[in-house]
Structures are given as C-alpha cells and as structure tokens.
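Annotation comment: TrEMBL describes 36-334 as domain 'Calpain catalytic'. If you look up TrEMBL, you'll see C93, H251, N275 marked as active site. Summarising the annotation, TrEMBL assigns region 'Disordered' to 383-425. As annotated by TrEMBL, compositional bias 'Acidic residues' applies to 387-410. The annotation compositional bias 'Basic and acidic residues' is assigned in TrEMBL to 416-425.
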Amino acid sequence: MATNNEAPLGSTENPIKFKDQDFETLQAECLKSGVLFSDPTFPAEQKSIGTPEDPDPKKAIQWKRPKEISKNAVFVEDTTATTDICQGQLGNCWLLAALSCLTAHPSLFMKVVPPNQSLSDRYAGIFHFKFWQYGEWVEVVVDDRLPVREGRLLFSYSRTRNEFWSALVEKAYAKLIGSYGSLKGGNISEGMEDFTGGIARSLEISSRTPRVLWRSLAAALSRGSLLSCFIQAKSASDIGKVTGEGLIKGHAYAITDADKLTKPSDEILLLRLRNPWGFIEYCGPWSDKGKEWENVDPTEKERIEVKCVEDGEFWISAEDFSNLFDVVELCSVNPDSYDEESTLASWAITEHEGCWLLGSSAGGSRKYNKTFWKNPQYTLVLKEKDENEDEDDDDDVGDDGEDGDDEMEDPTVTPDPKKKAEKQKQKVKRCTVLVELLQKNRRQRDKLNFLHIAFHIYKVPSENTCLDRSFFMKNRPACRSGKYKAQRGVWRKMRLDPGTYVIVVSTYRPNIPGEFFVRTFSKIGNTLETQDFACTSSFSQVMTAPVSSKDQERVEMTFDKQAGLDDRLNVKDIMKLFNSVLEKDYHLPLETCRELIFGEDTKGRCALSREQAGTLLASVRNLQVQLSLCAHVCVCVCVDESHVSVTDAALFFSPSFLSLMRILLEA
C-alpha cells in the first residue's frame, strides 16, 4: 500500500503490478542467479500466440531472445523515430499506428517505455512497460523471448532489424489482454487511450473544409494530441486493397505533423502521415517523389524533412487528404500526463467505474421503459463556463444518431453529414464537457466480444435524487452519445448550459452483465458523482454494523498470508475468508462474492482491501445473524415504483437475492 510519501497506487509513478510481478525484484533475482528471466505467466508457447491467421503454418515458430536474432541487437538505437515500427504477420496496424503517434511525444513515450532499459547494462532478459487501464496505470513485465520464423520476427519489428523496443512493447500489450491473437482487429483509439490515458474520438473528414480540417489538426498536434486516420473499406474484401494513389483501404495511418509552404500566390497546407508497415507509400501530389517539390526552395525542403526514401512516411496536401481519407482518430491526452507547466492545468478528468448486473442494474435502452431507470446514474454539475470559443476546435460534437438513437448502429451506414445546424446550436452553449463511456475487459482471448453501449444525459433539478421510471417516461434527454455501438468506447463533446445533469449509461438489451468505466473531461470546478438509489430498508443499520474484534483478527491474519503486493484479496480468497467465518448454511458461492465485491470501490480489480473486506464481512455476518433470529422478515425496497415485500427469510438470503440486496442496501 502507498505511504504518505508514495504516489497513489495506480499512478504512472506507482502502477499496479500486473500478475503481481515486480520488475526490480525479478531483475535482481535474475542478476544474482545469472539466469535470464523466463516468464511463467506468458510462456513461450502457442497459447501465448493465440490464433492469429498464420500465412505459413507449416513452418515452425521458434522463440528467441534479441541477441539470438541479431548480433548487434539493441533495445533502442539512437531515437525512437516513427519510421522505426513495422507491422509483421498480425492484423494490428491499429496498435502500431497508435505507437507511431506516441513516439512523437518523448515525455509520453517514457511513461509507456520506462528509460534505462538495455540489452547490455544490467541485462537479465526482463523488461517492463506501463499501460493505462480504465483509470489506472498497470506495469507489465515480460521476458525477451520473441516468436521467430526463419530467423525473422513473426510480428512487429524495427526497420533497422536490430532494434527491439517495439516488439517487446507489443509482447507486453499482448500479455495484458491475453495473447498475440487478441491484438488482431481493433480501433486506433484503444491503443491511443491505453498508451496515454487520454480520451480518443473520431472526426468525420467530410464534415469540414480542407482548410478548417488542417487548422484543427495542426492545433491538436500543437496541444500534444495523438492523431491517426484511415480510409473506410466498403466491404471486408476491400480491406488491404491499395488505391491508385498508393494508399491502403481499412488501414491505420499515423498523422505525425502539419506544416505549410508559402508561395507568392498560394499557400500549400500539408500533413505528414506514417504507414506502420514501413513501406507502400502515397504516390500522389506532394509525395516523396512528387514533381511539386521541384519548385520548392531546398532550405524549405530540408526544414520539413522531405525524404525520397520508401520508409512509410510521406507528405500529402490537406485538399488531397480530405478527398482520399474518411476518418481521423484523435486522442486528447489526460492532463495528468503533462508537465506542471501545461496549458491544460484548468482542465481535469473525473472518473467512475461500475457494472451492469443481471436482474439489477442492467436496464437496457430507453426502448425498455420498465427497466431503463435501473441503469447506473451519475450526476454531472456544470458551473465553470468557457472563457472563449475555440476557433480551431479539434473536436466533433460526437457520434451521430440523434433520431432513433435507441437502435443499434449499422456499421454499413455512413453517418449523415448534414448536422451543421445542430453543431452550431451546441457552440452557443457555455460549458464544454466531453463524456466517454468504455466497456471493460471485452477483448477476450483471440476474439472481441463488445456489447452495444450508449449513454443519455438529462437536465434535472439541483436536488441530488435518483431518477425513477416516471421521470424517464415524461422527459427526453438533453443529449446522448448516439446509436448503440458494439465498440469499446462511445463519447460525445457538448457545450451545455450551466446546471445539473444526470448521465445514464446502458447496454442496448436489458439483463446483459458487464463492467464499464465512465469519465468526463471538463473545466476544474465541474463535478461527476454517483447517484444513490432511493431505497429504504429495516436492515440499513445492520449493513453498517462495526467489525467485531474476532472477525477483524481473522481478516488481518488472512491478508498477512494471502494478500498480493497491492495488499488486496481476490474473489477466491474473499470467498474462503467469508465462508470460514459464516455458518455452513450461509456459505457464499463464488459468483455471489464476485457481485458483492463489485459493490465496493475496487477500481474494477475484483479485489478488496483490508478495510473493505472487514466492512463487507461485518455486513454479511450481521445480516445473517438477524435473519437467523426471525422466521420471517419484511424488507421494503423501491422497485419499479412499488414496494415489494419479501417474507421468506430463506428466499431473502438466496445467493442471487443477496447479491442484489447488498447493492440496494449499501450504506
């Protein structure tokens, strides 16, 4: 646990240790023993590779360390240039494009790739990297055994062939989410967010003129935002096809710079793009070998680093960019990632985590009006007005879909670009806020399993009360994220009047369990809080009973023996602890313990601290004691605008109902 002198657990300075592996401890052990590190939690086996499409499965895969692949192997050679990273035999250009963007920001890069790592000094075959995961930074340790076929790296590699930092970052990220196969197919925004902790969103290129778009992108780059872009493929068969201009459909490109050339009668606006493959470049006007450069002063060409080399990086005019590309992905970096001198000091991110529980808080979309009100609700209070309108605003207002928003998105339908009136209406509002909803832990081994998610925002009176069914039957939302989308995150940027709002987060269909993370990016002084359910119970005092000395002693003893480095117990250890104290008739199954833990503030780790475990144990134990004293009980809870009486103690204490009651009766 962090002391007063330590940074908070989960910060970049004090990250969560993934798999309870501490880099410094493991490195010291390896240096002392003289044995290179071999990671038992991500072994050099097929299960770590998973099931990416293998173009040549008959040729064996070997696992080799960098110095076995290249005699001149280094971790980083000179600088981490954007041209270093090349894609291997894995469909993860989204991840590598995000990594290319990151290399343009050294301070951010060092948060993901800690300095002082080497294949020579204090080399022990072990490396560590840090990734943002839903409000916390996680440190992932890996060994340096990499999958190789016929002497070449199977997946990402450096263009110099003897540099290995990008391959090791890729391996660490694969370990974090399960396997290399889990990296296949993704959204650039995922990588951008997990490398920075920022908020990523999409811009429809057709919604702006080339000049306005260039100005927005240049402003975003100057503020340290990460940018990438792609051409939408109309069908699966179109993905990977090369256009006549040398661009690849459905492929992610990093936008690394914006510049302009001034001529006596004209001004040329340029954008620099990077193809993570490291080859196949744009061949149109202003490309590396474009004839347009012949009339440009050599000093200007040198200034903007025009290179006639097939390295995947090239310049393109803003006008051609607007005609050829469809979508820009933009990531505004978390203010915490900037130095203290940052101009973003007046902005802050507010974060909350929660879950949709079967039969409880998974109410579904507004289409299901009997249960929609049960979805998690968050109060948003806007007080701080914008000082100025930003002419170079780098954001769209969010996902389209104002009409019929309680439908699921059809990925084959292009959003309607004719929404300018709505956007102008948004611009006259006085408080800028960006809301993002992420679903957690849906990128499972070798497959994606995203739910359709969305959020709605309602203007409400200032009283902090939970909105019931009648409110939603009579009121329409002031704003929403758009149609329900099966992707990790949905977002919307708004300019709203000062006041109190409630954000309701939901899946499209009810009774679908899942975890989520919601956050707002707004001026300091605005707040986001959890809504309390307006429930009553004769057991409310029982749920806040103090921990007995005997139970506290048992908790301390269990934590001393079983707790991990973060001083927390996982769900299995909590189940063992509780069942060692409770009477046999009241033993709790694993799923009930998991749902009980979700009701505590655990940042989604499904683990409890000493204090949380003691409090929860006291609540459950005292509740069971009270139930054992009476044959019948009467508990009133506010459900669907009516009072439901539960008179059978056995029914009341069934595992599924206990899980629900713990959340409803939480103090």
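Glycine is no exception: its Cβ is also placed from the backbone N, Cα and C atoms.
Shown here: features listed in TrEMBL, placed on the structure.
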| residue | record | DSSP (3 states) |
| --- | --- | --- |
| C93 | active site | helix |
| H251 | active site | coil |
| N275 | active site | coil |
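The separation of H251 (active site) from N275 (active site), Cα to Cα, is 8 Å. Taken together, the residues in the domain 'Calpain catalytic' (36-334) have a mean pLDDT of 86 on the 0 to 100 scale. Across the structure, C93 (active site) and H251 (active site) are spaced 7 Å apart at their Cα atoms. Each of the active-site residues C93, H251 was scored by other CB atoms within 10 A of its CB, and the lowest score goes to H251.
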